[in-house]
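Over in TrEMBL, the protein carries these features:
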- 889-900: compositional bias 'Basic and acidic residues' (COMPBIAS)
- 348-628: domain 'ABC transmembrane type-1' (DOMAIN)
- 660-884: domain 'ABC transporter' (DOMAIN)
- 1001-1278: domain 'ABC transmembrane type-1' (DOMAIN)
- 1314-1551: domain 'ABC transporter' (DOMAIN)
- 276-297: region 'Disordered' (REGION)
- 889-944: region 'Disordered' (REGION)
- 35-56: transmembrane segment (TRANSMEM)
- 68-89: transmembrane segment (TRANSMEM)
- 109-128: transmembrane segment (TRANSMEM)
- 179-201: transmembrane segment (TRANSMEM)
- 381-401: transmembrane segment (TRANSMEM)
- 460-480: transmembrane segment (TRANSMEM)
- 486-505: transmembrane segment (TRANSMEM)
- 562-591: transmembrane segment (TRANSMEM)
- 611-631: transmembrane segment (TRANSMEM)
- 1038-1060: transmembrane segment (TRANSMEM)
- 1118-1151: transmembrane segment (TRANSMEM)
- 1227-1244: transmembrane segment (TRANSMEM)
């Protein structure tokens, strides 16, 4: 009926099979006028509602019409006119004068079609206007597709009309003929115009910065807009400036905003679920133990206590585990991710589904193709049609697949970004409890490793449903081909699943173990780098090297086991396809003698099995990466779900009359620890200066932290009126310019900045620094001395103009002059802050009389509060604290009564412990400093005026050399040198490398052999057409086929094992060389290289060498052999194909070279732009309390977003570059398929069907292999860069040998005599001398004090004794031995540093100002030493005693305790020569006194050299003083004589009297 109605509608036959059953087929005219018209128009009408909504919603833009828009509208108008003309022709034919009523009726289609067209063209006019009104739209994909469909559908009537005209040699219907071809021409032009982007004027700027915004539809689906980047990248290495701006939706701020909204909602739901669970648990516990209380009453208390102590250790681990597992909200992160990005997920799922379905069309086409070659009666045109269809399906498949991948990879990037931003935001508000659970390294790991895991999984997340779907469809098709025999193959597959599962669970356990070892290794490595100077001074390198190598060996052992497991699974994988096809075919031919394997069945099945291989290979990988992600998910949920700092602890209520008020406050550092402050009640009036004093560890810093709201409040309330500025005890300095560090986000006011700089005694420093205020400060303030850092930190607080200042002992790190200056000019009653409320923690007694109030803290309790005089009178804790010093002070006061006034010259460049002798930082710095010293003249009144003769250079605007301390990380560009590959292969061992390639080559030969055998087997179906198939031939066929399959598996297994062993060998050798060299490079390297950069070598690069390179290498070799094998087989079967191979190879080579150059550079940019994310994050975590105190969280969040965006700018193009490449390569692969099919059609008479099947099924596989091959080439190049980076650090020149042939005697130095002979030194060959010919003799057991203004070269002198810097001229003799001829370890230490049974002496012992501690147990059996260092009580009070774990950087000890611990280290050594560098700068005076006493007693027989800050350490304890200025010894005698001389020493030692205050000498 339907066809009859259509016949009538058209006035001709709608369908007749005879149209196609001939050598030159054609479609009936009726089909051309109905179906081929309705399809494109139907598509247009379906798409129009979406466009029309924009048309009615949006107002037309104010911009003028573009030329392109006008052309498009004119074309649509002309088409409308052609439709009207067509209608008029029909009307004229029907009703015109020439019409004949008796003639046949004009069919309805000729009326309907013009009307349809006319309305459609009007619709097109409207749609083009709608596109113009849509924001940021440059064209319309649906319109482009419509024009394309229209042009393709019209090809059929196009050739029908032409053929008819040629056959009849005349045109029957001239007007319609002309009209059709005019219309067709207009449509082709419209198609061309719709492929061009119409960029509105307002969008031009955006398009310049981001070409994607202006890319047309065709350019978007083929990624043509990316060409510029690729060509540019090929011409020259890309740099960060070449990167384009991000699309708005790919930017961090947009992603994080969307993600956080949903994440917070999900987190709240999870929290309420957790609360319900806990309530349930508690209720059930109460129900189950009703008589528990009755029981416990009977047990005596003593027994309970005993049991408790015994069980404590047992339960501790259990408890911790339990707590970890249950106490945080779970299962909310994944739903949050899914809900945030649901549309992208749905879109990509649709693409994936279409692509999956299309992939099953190819085997069916292959089937008809084989039957075409078998059946010679089929017309030729069908063969060509099949070849074209193969191409079309393949191209569509490529386009859909690439769109799917693009969406998924961008999604992965967005998920990673969202998580990183969330972790950073959380880190800013996280509570102390949560902070304690993870070190800085572990937190950084969350954004580096865990966020990356999520990224990787999201890329392939759709495979979770797509793999099962592909498996099911394949099995259905296979059943159709082979019937129940498929079940045999299926059983083999199912049997593989549990084996894989077992291997996966085994490898998961190993993986966790591996991660633990890696964390442990990185923790030690970080500590080594942070304390590298100590390691060198103590000659501990070899012991740490051994420790690290031990962990590394364990790690390699785990890696080897992992590799063995993975080679087992590889073996199963390689065997799987062969075994599956073997089982299937064997069962198929064995079941019944009628079942003969022919080419159609065999190769259709093989291509279906090939489709099956992918999901089967991916599922286990996906599952294992999901398992890893689950671990990451838990870590992230635990961190992000951890409790926030309670922002309500500190109120900011302005109605209070007091500036700071605390009521009954009890505070603790964590909810489960003892209170650090108990029952604190304080009222501090506005504008008051308040001191907080107390012994080391009494809770002074805790009080400040409580006021900042950093502590957990158990009871009570705090109110702080107004804003707060905070100066921590250890200054936190950002890696930015000095100016940025002081401004800290405030507006710049030059006069104010100048005032602050002057008051904080920073002016002289600025003159020394190469770039003045614009000097870049390194990581952790590496190029500033301790004192400078502290003053910058203070300047930041002063500049912020806050209401309340919390100063945590800022004066301890500076010498007495500077301390005095800072107190007078900044903190004191006349300073810049005189009207502000100041709370100052201090150990300096001399400042106490100027305080409005003094708070005395004893063991976490505020014991006294009052003015100086009232506290003295009350004879409480405070007066005891003071009396101790009265004696000391009075001893000195006599000598100072009649002295003249001396100007304050601030210390500025004092190199300090962990900031190693930074005078080396740059040329200018040294040169100017020596200039300054040499030009300084004593004025007649004995003053030193430093400003008089200052070189004016620092004020010039020219940026000088050395202004950047830390150079940008060197990034290699261009092609990776071949020598790098050789370096890796050498590290692997040539035997491993060559045998590995050989086994894989053999495996490939076996694979090709197996398929050729199969092709031969299928020819049996023709040989034995009407005869029974002999069983012996059948068994032989099956046997050989199976044997070749198993051989493949075995060879792959062998190859993988060999590679695994080689890779482990390479990993070991590269890591050992790297570690060996890093521990032997001179100190200078660590001063100029941020530790993050070195850590990166040990973390990311070694990870790449361990795990990525072996994988890429294996895949690369497999792909290479696969491509060569495929081309070999196709050329073997269709020799014509060889003609195509060369041009294809050339195109392929160029595409690949272009891509690899760009992709490699984008990868490098990615890794270089990643480091700032991590270092900014690390910096933030370290400076949390400062950032929170100033309330600058928002600014840091913004900064973080910018840093992540910079990284995304290179990640996004990298993703696109992969798609750009894939589309082009797949197109090449599709051409391979097309040509192999085409040549099979051309030579159908000479080919047997088995070979056609073989060649096309191989060709269908080549697309994927080609793609992988380029991807692997690029990945291998990218990853091999790690070898390049590691070997770069193995080639840094080393310091002198640790041990030389000239070794000193066992008891050297027995006397401890030190002699300098015309000793000169410079930091680098191109720099000026730092010490200018020092000559002096220091006798055995003399006590020498070294004093001098900062930068005079005091620390340089001590660095020379350890040969941290080498002599330029002259020499140093210790007990008559020239130290330059000794090995460094002989000089710095004679034996290893282990304390147990340590009988060796430290030849020289060094005590540092900045105490650096390594995690590990406090040293053994040393109570005596601890007693001498005044730590015995403290260690005794610890639960674990000597086994107490010192946390990372010694953070669980106060600064004073850390220094005392370092002193204990020194006491343990009983060295002959002791060097003290500002040893007691950070302890209170009481402890200082105790330490000095200990040193006097215990080191009476030693030669002691002290670099002093507190001059009283020298005044009454040393026999000889030694004054250094400008690198020369200017005075050398006992303190009393030097004092009388009134020279340099006098000017330093004189305590400057202030004209404003009268000192009370205590």
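Here the Cβ of each residue, glycine as well, is placed from N, Cα and C on the backbone.
Any TrEMBL annotation is an automated prediction that lacks curation.
In this chain, the transmembrane segment (1227-1244) lies in contact with the transmembrane segment (381-401); the count of Cβ pairs under 8 Å, excluding pairs fewer than 6 apart in sequence, is at least 3. Of the Cβ pairs linking the transmembrane segment (109-128) with the transmembrane segment (35-56) and spaced 6 or more residues apart, 3 or more are under 8 Å, so the two regions touch. Long-range neighbours of the transmembrane segment (1227-1244) within the same chain, counting only residues 6 or more positions beyond its ends whose Cβ lies under 8 Å from a Cβ of the stretch, are 369, 372-373, 376, 380, 383-384, 386-388, 390-391, 394-395, 398, 1130, 1134, 1136-1137, 1140, 1144, 1147-1148, 1151, 1252, 1255-1256, 1258-1260, 1262-1264, 1266-1267. Mean predicted confidence for the domain 'ABC transporter' (1314-1551): the pLDDT average there is 69.
Sequence-distant residue pairs (6 or more apart) of the transmembrane segment (179-201) and the transmembrane segment (1038-1060) include fewer than 3 whose Cβ atoms are under 8 Å, leaving the two stretches without contact. Residues 1000-1001, 1004, 1007-1008, 1011-1012, 1221, 1224-1225, 1228, 1231-1232, 1235-1236, 1239-1240, 1242-1243, 1247, 1251-1252, 1254-1255, 1258-1259, 1261-1262, 1265-1266, 1268-1270, 1272 of the same chain lie 6+ residues outside the transmembrane segment (1118-1151) yet bring a C-beta within less than 8 angstroms of a C-beta in it.
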